[in-house]
Amino acid sequence: MSRLIIAFIVVTMVCSAIALPKKKVEPLEKDEKRSLAVAGAVIEGGNLVMSVLDRILEAIGDVNRKIAIGVENQSGKSWTAMNTYFRSGTSDVVLPHSVPSGKALLYDGQKTRGPVATGVVGVFAYAMSDGNTLAVMFSIPYDYNLYSNWWNVKTYSGMKRADQSMYEDLYYHASPFKGDNGWHSRNLGYGLKCRGFMNSSGAAKLEIHVSRA
């Protein structure tokens, strides 16, 4: 009988030791997922929330003109990065290369370092698997006495790289949205639609969701 009791105690201790690590792993896995939500990363589309963009802005540091961008792909198409064109400002990260449907890309931008009176303004382009281009424009000015935050999304027929011409089209001609702390939406054509939000401050957040129309 005593042998059975000892065996039972040993088995119980072994099982307890095996079970203990599980309690420690779960928080670590959550921390790992959170750490992936940085500019230049691709995350699950459902994880694109404002708090993610807040962390990107915090990581940029003490820069008075900066932007955190998140674009969710629910288009049913895969996206492949082509390029970013900066009219002013820059980014220290690479535009995420491949964004499958169901995922979201994270990106950022900031004014040029140093005592220069510039904002962060630009456009980036993605080739979609249907042969067309998705373009996203953002404009965070230096002087809010003269300018405001603006953003835009547009699909172009065929493959079109981001450049000055694309920026001018999206900023001046293609009905851009003002960064007014509100949500806006539109039909993009090619079976797609979008909704997005941009705030009005110099630490800008741009959240966009592209989906089937």
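For all residues, glycine too, the Cβ spot is worked out from N, Cα and C.
Of the residues Ser75, Ser78, Ser88, Ser211, Swiss-Prot puts just one in the phosphocholine site with Val121, Ser139, Pro141, Tyr167, Tyr171, Tyr172: Ser88. In Swiss-Prot, the region 'Plays an important role in the hemolytic activity' annotation falls on 37-46 of the listed ranges 17-26, 37-46. Under 8 Å from some Cβ of the region 'Plays an important role in the hemolytic activity' (37-46) lie the Cβ atoms of residues 52, 55-56, 59, 68, 72-74, 91, 93-96, 98-100, 102-108, 209, all in the same chain and six or more residues away from its ends.
By a simple count of nearby Cβ atoms, those within 10 Å, the most crowded of the binding-site residues Ser88, Ser139 is Ser139. Ranked by Cβ neighbours within 10 A across all protein chains shown, the binding-site residues Tyr167, Tyr171, Tyr172 are led by Tyr167. Taking the mean position of the Cβ atoms of Ser88, Val121, Ser139, Pro141, Tyr167, Tyr171, Tyr172 as the phosphocholine site, the remaining residues of that chain whose Cβ falls within 8 Å of it are Arg87, Gly122, Met137, Trp150. Each residue in the region 'Plays an important role in the hemolytic activity' (37-46) gets a DSSP state, and the totals come to 2 helix, 3 strand, 5 coil.
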